[in-house]
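Visitor: Straight out of TrEMBL:
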{"type": "TRANSMEM", "residues": "A:65-84", "note": "transmembrane segment"}
{"type": "TRANSMEM", "residues": "A:111-133", "note": "transmembrane segment"}
{"type": "TRANSMEM", "residues": "A:139-160", "note": "transmembrane segment"}
{"type": "TRANSMEM", "residues": "A:172-193", "note": "transmembrane segment"}
{"type": "TRANSMEM", "residues": "A:218-241", "note": "transmembrane segment"}
{"type": "TRANSMEM", "residues": "A:262-283", "note": "transmembrane segment"}
{"type": "TRANSMEM", "residues": "A:326-353", "note": "transmembrane segment"}
{"type": "TRANSMEM", "residues": "A:374-395", "note": "transmembrane segment"}
{"type": "TRANSMEM", "residues": "A:401-424", "note": "transmembrane segment"}
{"type": "TRANSMEM", "residues": "A:445-463", "note": "transmembrane segment"}
{"type": "TRANSMEM", "residues": "A:469-487", "note": "transmembrane segment"}
{"type": "REGION", "residues": "A:647-681", "note": "region 'Disordered'"}
{"type": "COMPBIAS", "residues": "A:669-681", "note": "compositional bias 'Basic and acidic residues'"}
């Protein structure tokens, strides 16, 4: 719509737009799967181990419950996937759980979900990186010996990458994710083949250990509680499932359908891998304990503090592929990489959610702007700082971090599903078409079951994990909730204050006259330009204003003024204390006092320089004066910039900054389609 | 000169001025002495000890050279005082050595002196505080056991005091300085009385120690070199003498005469105290060594690393007044306090010199403005940081720090005296009055001798101290010199670039038309006010501009615009990527492209909030846009501020900041007289 009358510029701008759009092509399913699934799929690297760890408390005999727990997790996974397939169809706008809860259950529920998700992003980084380091450590012992340092190193690396603006690339995500998936399936298949067909006895490296149970012979309520705890730990496999519901706009058309298909595929893969690993662990006699140092016994003696417990997936891989084999190495590397990519998704998701929250005025408005590098940077640094702190406090121990993780996930699952039930109820109240009603009733049934089941799991998680660390996550949620509420309150208060009145009230009395004042220190090009501009503006009065800081300089200025015959009156203010700000402010106020309906336009010549250190050397008193003038009623402040040669450098930098790719832009989808209205299918 | 038509305001401003002036009354001699003399007088607390330390290298027998070294220091002191009496008469403007060297020897010499003085200020802080801690430690052992921590604590305290803006008060300075002077004189008198009249044998706590000479039986050239080194160390007594020459404007009239008298009085006091302490040290058999741990022998064994060598002044005080006596305690406390005050003078002198250098464009211009709190704060933090670093590196050991100190002092002494010789030569070339010529020739003789003597000492100091640490000071000087040269070059380049052309060249073609554009996001009070102001300015075209970030919002804006019947056309720019900056910049450029002589005035409504955290929540995109527009040629940027209620708090804070008292204001004298022209007397 802009008036581009010259062809070269139009071509140039056209080009610029096209190059922007390059990175925002829509994702086909085969690329969308790895982009969104690295987070949920990577969960199977730690979830099976967590189940065994908890069971070991009751001793080796409790291991035979592991298939039942796997079944429970599978049922839960199918429930959640089925529920979210309803979500992506009903809310294709990418707002995800937050949007669903906010729309259907009100802003408090929405904000609760948002707080839970923000905490989850922090924990995704902390848990995924810790677990990735543990997996890498099973192949490269050095890494696990310097666990905390390596984990923080990876966080720093990811942070720098995202601050620099490395674009999330489908291909980059696809390779390790596919290698990981194919590797795990190969392992399961080869393990099954060796076990069933060849009849090999595969033994995990820990198969010879005995477990000293902390609470031997648990029974009754205590046993049920333990099994529930093991189940909550297994639920770690579900983390990240909600990611696709935030990314619908990035899919090719039909968006919702493709997203739902991808979701189903992802659930199927995750469940198969999870069960396969649990089964292989049982077949190869993997032994894990919460405190391996004292509870794992070898030849009658505890293993001691030096023993490093490898993740279940690497123990199984060692048993199936053989110790130090090339396939074992590849799988370990792919597992670590996919976990790091899962951490990276949080770096993309955090600003994405931030921009949605900013739109609803729960976070600073600038987060809403796409590609606002400064705002995104703050978010990324906050995320990395919080995750780094957790990694440091918890010694990069994924098992201890997972205790914090699951509660947030199930808060958002549950509220989102309850919201969906309301959503269908609302639609059903008006829908007449029987076929559509039928589909809606079916969807509502799925979501109702989902809400019930995930709510139950949330209660189980809260009860079994609260003292183990879930309270930390809840505390984090409360902090986010309180901060966002305060920000929203502030915005609401300001909006009320500045709301335009219907009738012009005494506050907005139309000003009647404008006095223009050009600030002059010396006669130089910037000053002449400012005078030239000021004369064009035809205000009621125009004068040049100088502050007498140094009598000799002022005398020279007056003489030069007359010599050049400048046709604007020059007024000089005395300043016995060499101040500039105060005399100008007082003078401006005195101009206005003559009539309250007068307006003063203060015109300030400024140089524009290109480097921050040059900036230190210039314009400081002009800046300070501008700052003070903004607090003076009835004043408008005009900067007339004069571009010095060195400012070219800054201009180029600013352009470059603008072309920066914000994290999360691939999964957010192209911007113009982000506002598609929601249509139930 | 300002139009103050209403009486209340005039009274108010009158009052404000008067309260400002309160702190800037002129100093009578009895107050000026302690204000300016705490630095030079406090030197006698460490200078005598330094002489003994160096002599001890050749063994106890070399101690008998100490009176001769004292004589040499006295002669030097008289020379320097006599020379500076000429300076203060010829240059009463307070520019001091820098002004003298700059005016008479050119900018390179001036800049060298300035660099030397800046280094000296840093070392004044480091040496005085370290020595103060050592003196306090002779009475309070805890302090000297935690030397570095205590010294840095005092630096932090002084820094905070000066950042807060505690005004240098004559009375505050007078008490400890007079207590110190009276204490030292009492000690000398009481010591002489006990020795000569009572015939008491006074013995210093170290009198029984033997000194193991590092180089026993030095003779010939080596001995001469050692004596020269001892003499250079004794020259530490001269540090701070130049302070009065920077403070002439603060004296009562006749300024120069009073300053010269104060200088003479100060020299006399310093010399008497210095000689008295050297004499008492000899009489009470004080034993000091460079490495007391291994070179001081008691009962045949070295004292070891635990031994803390007390300063000579406290050893003498202990011998004269008795160990732990009340007079001993008072003198130790007064000595420490006067040394801390000496350090504080550097906090005042540093910004003072900075403002003079800024006037000559060697430092950022804002340092020149009086009471520019931000700039002063940076200077203070820089000074404190550098001094703290030195204290930390050198373990708060005054002896080691003094090695760095003296070189800078003598660089400025020598260059200043050479400059004075030139000054008199220049005046003599034109002066006809025989009486005046006579006085000038006498002054020139004094300055010539001063230049020769201080130059000789400078060479001696450089030769004897270079490897002991003087190189660090020289390095510091080089860094200051290089930085200031670079800053000056930048200012010169900019001045050339912006110099106003005599003929209106093509660059400053008078603009012919102005297009005004008011940026609108919503219709609220700030936007209505900006529109009202813009209409007053009567530009050639006026339109409102909005960026279509969200189609729904834009639609609502258009509807509201029509409903209210706002008589300014509303233009909406499309922004597929939700950017604001780029479309506006492109549009503004396109407006100008129609005619290069057009000017665009971009008017931005802004809210003004009161707290920094509120600032984070607002105006970010406006700020960024303003930043980018400044780089766009032919644009003027106008802010129309709308003051929210919370902005009142910020206004009050800004006013409070402005009433802040800059360090060094007492010694700088009242501002209106600071520009007195130099008149030789």
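From the backbone N, Cα and C atoms, a Cβ is placed for every residue, glycine too.
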Visitor: Against which stretches of its own chain does the transmembrane segment (A:401-424) lie, if we need a Cβ under 8 Å and a gap of at least six residues from its ends?
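Guide: For the transmembrane segment (A:401-424), the list is 46, 50, 80, 83, 86-87, 90, 96-98, 100-101, 103-105, 109, 112-113, 116-117, 119-120, 123-124, 126-127, 130, 232-233, 235-236, 238-239, 242, 390-391, 394, 440-441, 443-444, 447-448, 450-451, 454-455, 457-458, 461-462, 465, 468-470, 472-474, 477.
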Visitor: Do the transmembrane segment (A:65-84) and the transmembrane segment (A:469-487) share at least 3 Cβ pairs under 8 Å, sequence separation 6 or more?
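Guide: Contact criterion not met.
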Visitor: Given the cut-off of 8 Å on Cβ pairs that are 6 or more apart in sequence, determine whether the transmembrane segment (A:262-283) and the transmembrane segment (A:172-193) share at least 3 such pairs.
Guide: yes
Visitor: Below 8 angstroms Cβ to Cβ, which residues of this chain, lying six or more residues outside the transmembrane segment (A:326-353), approach it?
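Guide: Cβ under 8 Å, 6 or more out: 36, 38-39, 41-43, 45, 94, 96, 98, 114, 117-118, 121-122, 124-125, 128-129, 131-133, 135-136, 138-139, 154-155, 158-159, 161-162, 168, 173, 176-177, 179-180, 183-184, 186-187, 240, 243, 246, 311, 313-314, 317-318, 367, 376, 379-380, 383, 387, 662-664, 666-668.
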Visitor: Between A:139-160, A:218-241, A:374-395, A:469-487, who has the most Cβ pairs under 8 Å to the transmembrane segment (A:111-133)?
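Guide: It is A:469-487 that shares the most Cβ pairs under 8 Å with the transmembrane segment (A:111-133).
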Visitor: Tell me whether the transmembrane segment (A:218-241) sits in contact with the transmembrane segment (A:139-160), defined here as at least 3 Cβ pairs under 8 Å among residues 6 or more apart in sequence.
Guide: no
Visitor: Short question: which residues 6 or more past the ends of the transmembrane segment (A:172-193) have a Cβ under 8 Å from it?
Guide: 30-31, 33-35, 37-38, 41-42, 44, 202, 269, 272-273, 276-277, 279-280, 283-284, 313, 316-317, 319-321, 327, 330-331, 334-335, 337-338, 341
